[in-house]
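Here's the structure we're looking at; comments come further down.
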Amino acid sequence: MDFESFFKNELDGLHQEGRYRVFADLARHRGSFPKATRYTADGAQEVTVWCSNDYLGMGQCPIVTEAMKNAIDECGAGAGGTRNISGTNHYHVLLERELADLHGKESALLFTSGYVSNWAALGTLCSKIPGVIVFSDAGNHASMIEGIRHSKCERVIFKHNSVADLEAKLAAADPRAPKIIAFESVYSMDGDIAPIREFCDLADKYGAMTYLDEVHAVGMYGPRGGGIAEREGLMHRLTVIEGTLGKAFGVMGGYITGSAALCDFIRSFASGFIFTTALPPALAAGALASIRHLKESQVERFAHQERVRRLRSLLDQRGIPHMVNPSHIVPVIVGDAAKCKWISDLLLDNFGIYVQPINYPTVPKKTERLRITPTPMHSDADIDHLVSALHSLWSRCALARAVA
């Protein structure tokens, strides 16, 4: 087989469909977020970033960066091993305690990313529990899907956020089989929120475990930043709450929280935890500082919500089509892969606005979009400039002014 030709042909297909991903070469500057410098073959350009998952700008917060610098001075750079073989630093232990407290659980377990935490935890639960059936929301993240698929357990996909469809599928399943209901709180592409209470009611009725991914909600919602489940007073009803340290907390890593026995079970059987080097102590120290701060401070969350409201209001005034949802994610619908990429390129090249186009397979075809994520650091002028640029490009492209 001519492997090189195969690789190139596959890539050519992505180019032709407008789905080839181009990474923006950015240098973020401490203290000036969301501004950054973009590097191209033509030189450097100052841009405003509108698609960061550092939702609250905590990755630039002096509380976090100072904690990380101090940890490097104290501990050095790397963890030095797996968690089992000399790699457990005291910062890991403190961070796991803080995460367990955040979600009202007995225990927590750190992973190297949110992807790995989902893949390893779900893969282990679904492969080790005899005869388990996992009921997975159709909108679940790739990390959850891959973990479930890797386990080779029986899986049932229910319609996205549909309480009725989930109940129908639970009722049709073997009543003797152990069951797991796996879903997210805030879905990253549409920004919609799961009916957590109703799913917990079904879990109680049918004797199922619940597995909730809160990666786009931790730090953002609830009086202490514990996510949607904390805001709704439902943390105690969930078996596993999974989250990330790389979005609102501004650092890197993933985790699960649950009972002491469950976390110890994952710790002892999950290959994605056992056979990898632990997070550097500085990352754990930064995440610890970020979580402690956001447990006490509402300033960042309130400012963030105000920025989201202002952006949505101005988009409405200009007739720019965005999906209405109850979260902080603002999807502006284009509906065509090539046009979505073209608009993103024009925003970057002509207006200094960086918004990454979101195309298939991340979202279904004909729903291509710009996924905009305001932060507390975006000024009124930043928002005005973005909306004005979108208005200009929508007119040039003769795009629809409403979400179908």
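Any Cβ shown, glycine's included, is placed from N, Cα and C.
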Among Arg21, Arg28, which residue does Swiss-Prot annotate as binding substrate together with Ser136, Thr362?
Arg21
For the pyridoxal 5'-phosphate site that Swiss-Prot assigns to His216, Thr244, Thr276, Thr277, which of Ser162, Ser188, Ser313 is also named?
Ser188
Whole-number Å only: compute the distance from the Cα of Ser188 (pyridoxal 5'-phosphate binding site) to the Cα of Thr362 (substrate binding site).
10
Give the number of CB atoms, excluding that of Arg21 (substrate binding site) itself, located within 10 Å of its CB.
10
Which one of these recorded positions has the most other Cβ atoms within 10 Å of its own Cβ: His216, Lys247?
His216
Of the binding-site residues listed (Ser188, Thr277), the greatest number of other CB atoms within 10 A surrounds the CB of Ser188
Taking only the recorded positions His216, Thr244, Lys247, Thr277, which one has a CA atom nearest to the CA atom of Thr362 (substrate binding site)?
His216
Could you check which of these binding-site residues, Arg21, Ser136, Thr276, Thr277, sit within 10 Å of Lys247 (active site), going Cα to Cα?
none
